[in-house]
Amino acid sequence: MNIGILTSGGDSQGMNSAIRAITRTAIVKGHKVFGIQKGYQGLMEGLFIPLDLRDVGDILHRGGTFLQSARSLEFKEATGQEKALAKLREANIDHLVVIGGDGSYHGALALYERGFPTYGLPGTIDNDIACTDYTIGFDTTVNLVVGLINNVRDTSTSHERTSIIEVMGRGSGDIALHAGVASGADVIIIPEVEWSMDEVCQVIHEGFNRGKKHGIVVVAEGAASGEHVAEEIERKTGLEARSTKLGYVQRGGSPSAFDRILTSRMGDKVIECIESGISGVAIGIEGGEITSHPLKEVLSKKSTFDVKLYEIAKNLSK
Ligand code: F6P
């Protein structure tokens, strides 16, 4: 079979590892693989390159995606999708694996509903895809953020300040929650849970009163701006506060061992689906098992939020 692979939307660490896993597993099992450059935009333009075993060498440990990624408005329209299908047929590609987030899954579903076998791998740092406990890149990002918060904590202690660290995640608070727990944050502000500035200030104030030498607040970009939270803390408490927006440093760098193993297993699973005639599915990991669910089902559900972990974070911030 001829299998196309593309990466789409915001990149994430582990995408290269996923491309490598799919390519090598497919070739070992007797299939041909084509890399599609620049996401759906490249698909419509026919930017296809044949991939051999060696073409995916030396990329396992690299962040980003060597196929590159893009967000395409044209592909959202029926004419764009028809253009893409024509290019796939012209190149004799009969299966398409899409590595990306929510928007990329919508694209894969649109092609599937037009009769083309597509498959999704959850490539996004946000961990906001349903039917998977982890998305590709999330673990790496959380580890990166924890390291950066450690640095911020050092200087916050020296100056007895409160540091507000704003992290990515779009509408999801998972990066903030997990990095916040792992770095002992005093307050975690996320879109999934109601919060108030008064409560935040009270926690920080009480911390200093108990003898803490710094305050750490982790804010998900989907909940508030770190800058605003810092200004409000200073205004309401009179304590010094500084905001750090981590930005794109969170999305690059070498993938963690977890993300490399996850993508190796997902690559194997997607080839298994292709060979058993199960298409229109997204691959996930649930309770440690690699699973597949229809793209339609995945897109109709919300990713789960770990309320228990949030409660634990509150208890441990004392
Ligand atoms: O979805 C991944 C993500 O990094 C989000 O966390 C962030 O909000 C967004 O992408 C940034 O998008 P862009 O790369 O278009 O600036």
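The count begins at 1 with the first shown residue.
Note that Cβ sites are derived from N, Cα and C of the backbone, with glycine treated the same way.
Because the structure is a prediction, the values reported are computed rather than measured.
TrEMBL lists ARG71, SER72, GLY101, ASP102, GLY103, SER104 as ATP-binding residues, and of the candidates GLY10, GLY14, GLY147 the one it assigns to that same site is GLY10. Per TrEMBL, the candidate among ARG62, ARG89, ARG153, ARG251 that belongs to the ADP site alongside ARG20, ALA21, ILE22, THR23, ARG24, GLY184, ALA185, ASP186, ARG210, LYS212, LYS213, HIS214 is ARG153.
For the substrate site, TrEMBL records THR124, ILE125, ASP126, ARG161, MET168, GLY169, ARG170, ARG242, TYR248, VAL249, GLN250, ARG251, and the single candidate of GLU192, GLU221, GLU227, GLU272 listed with them is GLU221. Classification of ARG24 (ADP binding site) by DSSP places it within a helix. Scoring each of the binding-site residues (SER72, SER104, THR124) by how many neighbouring Cβ atoms lie within 10 Å, the top position goes to THR124.
A helical conformation is recorded for GLY103 (ATP binding site) in the three-state DSSP classification. Taking a Cβ cut-off of under 6 Å from any atom of ligand 1, the binding-site residues ARG170, ASP186, ARG251 reduce to ARG170, ARG251. Neighbour counts were taken as the number of other C-beta atoms within 10 angstroms of each residue's C-beta; across the binding-site residues GLY10, GLY101, GLY184, the minimum falls on GLY184. Considering only the binding-site residues ASP102, THR124, ARG242, GLY184 (ADP binding site) has ARG242 as its nearest partner by CA-CA distance. The separation of HIS214 (ADP binding site) from GLY101 (ATP binding site), Cα to Cα, is 36 Å.
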